[in-house]
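According to TrEMBL, the feature disulfide bond maps to C154-C177. Summarising the annotation, TrEMBL assigns transmembrane segment to 21-43, 63-81, 93-115, 216-240.
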Amino acid sequence: LSPPSGCTMETKPVITCLKTLLIVYSFVFWITGAILLAVGVWGKLMLGPYISLIADNSTNAPYVLIGTGTVIIVFGLFGCFATCRGSPWMLKLYAMFLSLVFLAELVAGISGFVFRHEIKGTFRRTYTDAVLNYNAEDEASRAVDNLQHKLRCCGVYNYTSWFGSVYYPSNGIPASCCFNSSDCNTEDLRNATVAPSKVYHQGCYELVTSFMETNMAIIAGVTFGIAFSQLIGMLLACCLSRIITANQYEMV
């Protein structure tokens, strides 16, 4: 049985409004996927060496971001198609996907906040290992140099961290620790008395971890904000599917 024409006329504006909102939401959702994909590619190309200092082993974080971004782009387009088509089962599938994304982001945000101390411990361990085994040639050593140069820091806790490295007896403290590269030479950097006047005194571990602690609340807030935004999409998709089904509405 078809619903009364008056009911159909009243329902059309509601469905049109919900479709408009859901299409706008799906477009924004699609953009977040594109951003994740771009960040993943950038992270793989530009941050590979730094990531190796944070993780014990080679991490798949960039690939996770690339994969997640790609899936979100696909489902963002699917959400737009399902909305325009007005298909209840497609809208339900879209809502189910959004619920999975919501749960995944929620778990990731909570895990990052809860295990932040473990992350700091891992960074201390891996960075210490990179300093002690520094040879100025491999990827980890280049990452250490870049980190020290850009953050203007030296060693794990301070420049004395280099005294125990395999590199120090022959070459002294790496030149990346110097605050004036034109006034640094190997002879000075091997001299434990002269070197302190040539290099940065602040350790890199303190700088990196203080940055993490300062911005953890912001990062967690953004993560949870994005996660809970999925609830809006789920609500819109479920409402639209339910109204279309209840009123046997089809878009021509």
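Please read every residue number as a count from 1 along the shown chain.
Just so you know, glycine gets a Cβ as well, placed from its N, Cα and C.
Because the structure is a prediction, the values reported are computed rather than measured.
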Let me know how many other Cβ atoms fall within 10 Å of the Cβ of C154 (disulfide bond). 28
If you draw a 10 Å sphere around the Cβ of C177 (disulfide bond), how many other Cβ atoms fall inside it, taking every protein chain shown into account? 27
